[in-house]
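Chemist: Would you mind keeping the following structure in view while I ask a few things?
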Amino acid sequence: MGLVGGGEGGCFVGGVRSLIRRKQVDSAHSNPSSAAATSHNQLAKALTVPHLVAIGVGSTIGAGVYILVGTVAREHSGPALTFSFLIAGIAAALSAFCYAELASRCPSAGSAYHYSYICVGEGVAWLIGWALILEYTIGGSAVARGISPNLATLFGGPDSLPAFVARHTIPGLDVVVDPCAAILVFVVTGLLCVGIKESTMVQGFVTTANVCAMIFIIVAGGYLGFKTGWPGYELPVGYFPYGVDGMLVGASTVFFAFIGFDSVASTAEEVKNPQRDLPMGIGFALSICCSLYMLVSAVIVGLVPYYAMDPDTPISSAFASHGIKWAAYIITVGACTALCSTLMGSLLPQPRILMAMARDGLLPSFFSDVNKHTQVPVKSTVTTGLLAGTLAFFMDVEQLSGMVSVGTLLAFTMVAISVLILRYVPPDEVPLPSSFQAAIDSVSQRLSESSSSTDINVENTKVPVVSFDDATPLLDGVPVTHPRVEKAAVRFSFFIDQRRKVAGWTIMFTCIGVFMLTSATSIRSLPDPMRFTLCGIGGLFLLSGLIVLTCIDQDDARHKFGHTGGFTCPFVPLLPIACILINSYLLINIGGATWMRVSLWLALGVCVYAFYGRTHSSLQNAVYVPATHVDEIYQSSASLA
C-alpha cells in the first residue's frame, strides 16, 4: 500500500473535526524543530519551590477568609467551622493532585487550557481558555476594588485617603470610580513586566506579611482562648448546631477560599525543574493554606459564640470583645497584604493563557511575543493590566465575582477528565506540521515497500492515520515479517483498540452520570418522580463507570506521555471521578444569574473561535501520524534537510 488521499469534506464536517483535533504534548523526546519555542523567545527558567509556594499561598489566601469565618460560622457550621475548612481542603486537594500530574507531565504555559487541548480537543480547550480569561480579569478587578476600603480603614476611616486616590461618584451617572484600585493594578502590571523572578520575590514578601498577621491571630487568639476558657465551645447546642448537613454546606462555601493554587500550574514553563518542583509547590501551598485556615477558624469560633460573631469583621471584633482593640490594625494590615498578593496572583496567569492560545494560532500572534530582555510576555501582560485596571476604575465588579468561580470550577473539572483520558486513552496520534510532508512521504514509501515485499495480506495489518486535512497523504502501513507474528499482532491490536473504545465510552458515560446526578440533587423545581429517576440513572452510570475503569487496565502509552519521572496522581480512577463529582455539584449550585452572564461570555467566545480561531489554528493543516512512527519521521526529516 502506498499513499492515499481523501475527497473534500463539507464545511460542517470540517468544523466538527476542528473541535476534536488535539495538539502534541511536549516531551523530553520531542523534536526541537517542531517545538513552538523555535519561533518565540523563551520564558525565563527562574522559579524554584519557594517561588511556587509564594505564588500559590499568595494567590489563595485572600481577604475573604477574614470575612468567611464569621459568615459561615453564623449561618452554616457553628463551632464545626474547622471541619468545614478541612473537608473543603480535602476536596481542593483532589483537584491539586490532578493538576500536579498534568503540570509535571506537560510543563508548558496555559494550565488547564493546555491540558484540555492535549487530552480532549481544540473546542473544549478554547472554551476553557476563554473562561479563564474572564476569571482572571474579573478576579483581578474585584480584588483591586477591595483594597481601597481596607487602606482607608487602616489610615483612620472611609474618608481618610487622599482625594486623588479616594473613591468618587460621577455626577449624573451614578458610577463610583476607584483611582486607588486602578493605580494598584497598573503598579502590579509594571512589576510583572520586570521579570517573573523579581515579581515573585515581591509577592513572597507581601505573602509573608499576610501569613505573619494570621500567625498573630492564631497565637494571640490561642492565648486569649486558654485564658478565658474558650467560651465559644461551651454551648448547650453542642459542636454541630446546624447538624452535619450545615457543616457540609459550610464546606462548599469555604471551598472557594482554596481557589488560587492553580496559578502555580500557569507558571510551569518558567520552572527550573518542573517534574519535581511543580507538584511540591502545589502541595506545599495547599497544605499551608489549609493549616492556616483551620487554625484561624478554630481560634475565632472558640473566642466568641458563633451566633454573636460580627459577619463583617469577625476576627477584629472577636479580639475587641476581649479588650484588644489595637489588634484590628494588625488584622487590617493582613487583609491589605492578602488582597495585594491575591491581585498579583490574579494578574500573573492571564498573560500566559493569552500567550499559549496565541502560540496555537487561536488568538493573534501579538499576544505570543516574549520580551527578549525580561523574558516575560510583556504585550499580553500590559493588555491584561489595562483591561483589569479599566474595569477596576469604572465598575463595581462585586456582582460579577461569581463568574470567577465558574471559570475555576470548569477548569478543575476538565483537568480531572484529562487525567482519566491520559491514563486510559492517551492520544496515539501526533500532529505534525505540513513542513514534514516530505519526511512523511519518505517513511510511508519505505513502509509500503517493506509491506509489499512479504506474502502477508497488508489489509489486515493496516494502521489507520487521521488527518483533518482530507487532501493530505497519510501513512497507512506497517512492516510485518512472518504470518504468525502478523496474526498475533492483529489480535493484540484488536484487543488494545477494543480496550481503548470501552475506556473512552466509559469516561463519557461517567461524566454524563455525574451531570445527571448533580442536576437532580440540586434543582429543587424538578418533580420528585423525575428527580428520583435522574438520580437513579445518573448514579448507575457513575457507579458502573467507576467499576469498569477500575477493572480494565490503564493504557501502557501513558508511561511515554509527555515528560516522565514526575508526580503520579494516586487512586485513579476514584480520585478524578470524585473531583469531577464535587466540582460539578458546585457548578450546578451557582446562581442562575451568574450562569446567564457566563453563558453570554462563552457565546461571544464561540463567535470569536468560529470566525478567527478555527481558521487560524496551527493545526489547520496538520498531518496526524501514529505516535510509533514519529521518531522515524523526525530522523527522515533530519536526513532530508
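Heads up, the Cβ atoms here are built off N, Cα and C, so glycines get one too.
Nobody curates TrEMBL annotations by hand; they come from automatic prediction.
Got these off TrEMBL a minute ago, pasting:
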DOMAIN    567-617  domain 'Cationic amino acid transporter C-terminal'
TRANSMEM  49-69  transmembrane segment
TRANSMEM  81-100  transmembrane segment
TRANSMEM  112-133  transmembrane segment
TRANSMEM  176-196  transmembrane segment
TRANSMEM  208-226  transmembrane segment
TRANSMEM  282-306  transmembrane segment
TRANSMEM  326-348  transmembrane segment
TRANSMEM  400-422  transmembrane segment
TRANSMEM  502-523  transmembrane segment
TRANSMEM  529-552  transmembrane segment
TRANSMEM  564-588  transmembrane segment
TRANSMEM  594-612  transmembrane segment
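Looking at the shown structure, what environment does each listed feature sit in?
Modeler: Same-chain residues lying 6+ beyond the ends of the transmembrane segment (49-69) with a Cβ under 8 Å from its Cβ atoms: 81, 143, 146, 150, 197, 200-201, 203-204, 206-207, 210-211, 214, 253-254, 256-261, 263-264, 267, 271, 277-278, 280-282, 284-286, 288-289, 292-293, 296-297, 300-301, 309, 311-315, 331, 334-336, 338-339, 341-342, 344-346, 348.
Counting same-chain residues at least six beyond the ends of the transmembrane segment (176-196), those with a Cβ under 8 angstroms from any Cβ of the stretch are 43-44, 46-47, 140-141, 144-145, 147-148, 151, 161, 164-170, 202, 267, 270, 340, 343-344, 347-348, 351, 371, 374-376, 378, 381-382, 384-386, 388-390, 392-394, 396.
Note on the transmembrane segment (208-226): residues 57-58, 61, 288, 292, 295-296, 299-300, 302-303, 315, 318-319, 322, 324, 327, 330-331, 333-334, 337-338, 341 of its chain, located 6 or more positions outside it, place their CB under 8 angstroms from a CB of the stretch.
Long-range Cβ contacts of the transmembrane segment (400-422) within its own chain (Cβ-Cβ under 8 Å, at least 6 residues beyond either end) map to 94-95, 98-99, 101-102, 105, 111-112, 115-116, 118-120, 124, 127-128, 131-132, 134-136, 138-139, 142, 256, 259, 262, 507, 511, 549, 558, 561, 569, 572-573, 576-577, 579-580, 583-584, 586-587, 590-591, 593-595, 597-598, 601.
Sequence-distant neighbours of the transmembrane segment (529-552) (same chain, 6+ residues past either end, Cβ-Cβ under 8 Å): 420, 424, 499, 502-503, 506-507, 509-510, 512-521, 523, 573-574, 577, 581.
Through the fold, the transmembrane segment (564-588) approaches residues 28, 91, 94-95, 97-98, 100-101, 104-105, 252, 255, 274-276, 278-279, 405-406, 409-410, 412-413, 416-417, 419-420, 423-424, 510-511, 514-515, 517-519, 521-523, 542, 545-546, 549-550, 554 of its own chain, all at least 6 residues removed from its boundaries and within a Cβ separation under 8 Å.
Same-chain neighbours of the transmembrane segment (594-612): 15, 123, 126-127, 130-131, 134, 362-363, 400, 402-403, 405-407, counting only residues six or more beyond its ends whose CB sits under 8 Å from a CB of the stretch.
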Chemist: I'd like the per-state residue tally for the domain 'Cationic amino acid transporter C-terminal' (567-617) from DSSP, helix first, then strand, then coil.
Modeler: 40 helix, 0 strand, 11 coil
Chemist: The transmembrane segment (81-100): which same-chain residues, six or more beyond its ends, come within Cβ distance under 8 Å?
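Modeler: Apart from its flanks, the transmembrane segment (81-100) reaches 69, 72-73, 111, 247-248, 250-255, 257-259, 261-262, 264-265, 278-279, 282-283, 286, 289-290, 293-294, 297-298, 301, 306, 412, 415-416, 418-419, 567, 569-570, 575-576, 578-579, 582-583.
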Chemist: Would you kindly list the residues that approach the transmembrane segment (282-306) from elsewhere in its chain, counting only those six or more residues past its ends and only Cβ-Cβ distances under 8 Å?
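Modeler: Residues 49, 52-53, 55-57, 60-61, 65, 69-70, 73-74, 77-79, 81-82, 84-86, 89, 92-93, 96, 99-100, 103, 211, 214, 217-218, 221-222, 224-225, 228, 230-233, 235, 241, 254, 257-258, 261, 264-265, 314-315, 317-319, 321-322 contact the transmembrane segment (282-306) from elsewhere in the chain.
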Chemist: Could you tell me what the rest of the chain brings near the transmembrane segment (112-133), counting residues at least six beyond its ends with Cβ under 8 Å?
Modeler: 18-25, 102, 106, 262, 265, 349-350, 353-354, 356-357, 360, 362, 406-407, 410-412, 414-415, 417-418, 421-422, 426-427, 598, 601-602, 605-606, 608-609, 613-614, 617, 619
Chemist: Taking the domain 'Cationic amino acid transporter C-terminal' (567-617) alone, what is its mean pLDDT?
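Modeler: Within the domain 'Cationic amino acid transporter C-terminal' (567-617), the model's average pLDDT equals 93.
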